[in-house]
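Structure first, commentary second.
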Amino acid sequence: MGEVVQMHFTTVDYIIFALLLVASAGIGLFYAFSGGRQRTTQEFLMADRSMSCLPVSLSLLATFQSAVAILGAPSEVYTFGTQYWFLGCSYFLGLLIPAHVFIPVFYRLRLSSAYEYLELRFNKTVRICGTVTFIFQMVIYMGVVLYAPALALNAVTGFDLWGAVLAMGLVSTLYTALGGLKAVIWTDVFQTVVMFAGQTAVIVVGASQAGGMGAVWKKAVNGSRIAGLDLNPNPLERHTFWTLGVGGVFLMLALYGVNQAQVQRYLSSRTEKEAIMSCYVVFPCQQIVLCLGCLMGLVMFARYGEDSPLDKGYVQTNDQMVLYFVMDVFRDLPGLPGLFVACLFSGALSTISSAFNSLATVTMEDLIKPYFPNMTEAKATLLSKGLALVYGLVCLAMAYIASRMGSVLQAAFSIFGMVGGPLLGVFCLGMFFPWANPTGAVVGLVAGLVMAFWIGIGSFVMRMPGPTPLPPLNTTASPLFDNMTTSVMTTLVTAKPRPTGVEALYSLSYLWYSAHNSTTVVVVGLIVSLLTGPMKEKELTPGTVFPVLGTLLFFLPERYREKLCCITPLGQKPKENTQPYQMATKDSNGAAFCKEDTVTEDKEMESDRALTEDEDLEARVVPSCQLRAHTVQETAM
């Protein structure tokens, strides 16, 4: 049974696909030659902090709704049923917590890079560790996001593989390097609309060919594809309500809470309120996207039943199955395959352009500006554009490497998932535990990464066929790209003999990875901090700790809460058109110096001073910081 290549991309399909690329590039060119023409780093990297709620929320949605999600979710539902839909339950807390915890902290500190927070809270070493970890994560992810849909397209339609890779890579590099974050956000909005249109067209046409949605549902019920509520608490089970609804929360937090690509969008909002609203708007959009993916999977099942194109040998991997289905459904409808491919590539374009922009930002703000504080604004902007261009070319190189890796593509997805959890852990350590110190943060991050790679690589090796493989009835192999929405590692469905010891750890459901790894960072970080001397309230930069412990321990007398560092307020909301509260004052290279000032003055005070004296000190430090910031800004000008 050889592979059946569907060679029926018509001229109309190619025109529709080309129009998508031209429109995306056009939006980038428009923002390159309009408005402030991307002449400042503030405009290029932060969209001049002028974006409204709707484009920001659609961009947040598009950033991780990659092409791999469009290919992966339907094949997941087709193969395993609708249990995957319960991931939607995790969206509620996964978006509510960033809206009311992470956004207020980041927005009031007026950051450009999320990792700037790590320097304000800990020190420069922690910031650089966080930045390097993020760069490693995104560079690997970009190559896979670019290559995977092009490979599927090539296998099913004969569409030229490297032509597709180069078209996507160069177009997204062009509009990101020319138009900055504003172009990225508005192309995301356009691409989101195309994604919705493409998926809806497939569902409507596919369902009508199967005899309507009623017939689709009936076939899915008869084929046991409609899953009930599975309350099995076993973390080794691949998909249960707890795995999806609770483990998924940590994945959502890693993506929507602390990932630079998303934080940058929050910070580009006009006001803190609009940034929070964008999180609320994403929630129903995410549910719609999830439902479209599930419906497409059910329509596929109604068409093929248990006799899948994969079993027949028409396609070779699960991620090619959706494209085969689309070409099959639209066999006599020229133009519609082109629309779906445009939808697919929109997902890839939105993801990789966001990656270029966020990578250019963290490289500029965290690795270059602190060491070249006197760089002119024009030179900094030009360098930022150059960085976006360089990362675009790196992405193409990574796509080539991905093509040589074959099945190791799965390992690349694993790395993305394994790195997100430890980064979430470092931010949680700093934000919720006032006594955590820089040593604890670095050791915790390293411990989290070691644990993540140990489990990830162990799981990958365990799934590889050994010299004496298990009988095929004992296991069910997971598809190559299981959960594409979160772009994290897939794991084997637990074998019937329940694993024990280290094997149990390797069999952990991939949806618990973020929770497990972030918890490792927090626990190790706290233990090391307590052993090496916890931070005291007076050493904390104001506004970097979210007062969750103070709220939970409200019943304790104030002197005990003060000893536990549980009385630090979050800080006031910045008033419109005024300097935001104290920690917004940074010098021209983006590094904060208020912390040093505070610590220097604090050391001259007695350690057992009263709370009122604390407040008095803060009031005296802030004006001096602001005065210095003002002087630096004047000098820079």
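Cβ from N, Cα, C; glycine included.
According to TrEMBL, the protein has these features:
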| type | residues | note |
| --- | --- | --- |
| TRANSMEM | 14-33 | transmembrane segment |
| TRANSMEM | 53-72 | transmembrane segment |
| TRANSMEM | 84-107 | transmembrane segment |
| TRANSMEM | 161-181 | transmembrane segment |
| TRANSMEM | 193-217 | transmembrane segment |
| TRANSMEM | 239-258 | transmembrane segment |
| TRANSMEM | 279-302 | transmembrane segment |
| TRANSMEM | 339-362 | transmembrane segment |
| TRANSMEM | 382-402 | transmembrane segment |
| TRANSMEM | 408-433 | transmembrane segment |
| TRANSMEM | 440-462 | transmembrane segment |
| TRANSMEM | 510-531 | transmembrane segment |
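If one looks beyond the transmembrane segment (84-107) by at least 6 residues along the same chain, the residues whose Cβ comes under 8 Å of a Cβ in the stretch are 73, 76-77, 114, 117, 227, 229, 239, 241, 244-249, 251-253, 255-258, 262-263, 266-267, 269, 272, 275-276, 279-280, 282-283, 286-287, 290-291, 294, 427, 431, 483, 485, 543-544, 546, 548, 570, 573-574. Here the transmembrane segment (193-217) does not touch the transmembrane segment (510-531). Their Cβ atoms form fewer than 3 pairs under 8 Å, with each pair 6 or more residues apart. Scored on C-beta pairs under 8 angstroms, the neighbour of the transmembrane segment (510-531) with the top count among 14-33, 53-72, 279-302, 339-362, 440-462 is 440-462.
Contact between the transmembrane segment (382-402) and the transmembrane segment (339-362) is present: at least three CB pairs lie under 8 Å, with pairs separated by 6 or more positions in sequence. The stretch from 14-33, 239-258, 279-302, 339-362, 440-462 that makes the most Cβ contacts under 8 Å with the transmembrane segment (161-181) is 14-33. Counted over residue pairs 6 or more apart, the CB atoms of the transmembrane segment (279-302) and the transmembrane segment (53-72) come under 8 Å in at least three pairs, which marks the two as touching. Put simply, of 239-258, 339-362, 440-462, the stretch with the most CB pairs closer than 8 A to the transmembrane segment (14-33) is 339-362. The highest tally of CB pairs under 8 A with the transmembrane segment (53-72), across 239-258, 339-362, 440-462, is held by 339-362. Under 8 Å from some Cβ of the transmembrane segment (440-462) lie the Cβ atoms of residues 118, 122, 125-126, 129-130, 133, 410-411, 414-415, 417-419, 421-423, 425-426, 429-430, 489, 491-492, 502-503, 505-508, 513, 516-518, 520-530, 532, all in the same chain and six or more residues away from its ends. Proximity of distant same-chain residues to the transmembrane segment (239-258), defined by a Cβ-Cβ separation under 8 Å and at least 6 residues beyond the stretch ends, is recorded for 60, 64, 80, 83-84, 86-87, 89-91, 93-95, 97-98, 101-102, 114, 229-233, 279, 282, 417, 420-421, 423-424, 427, 486, 488, 509, 511-515, 518.
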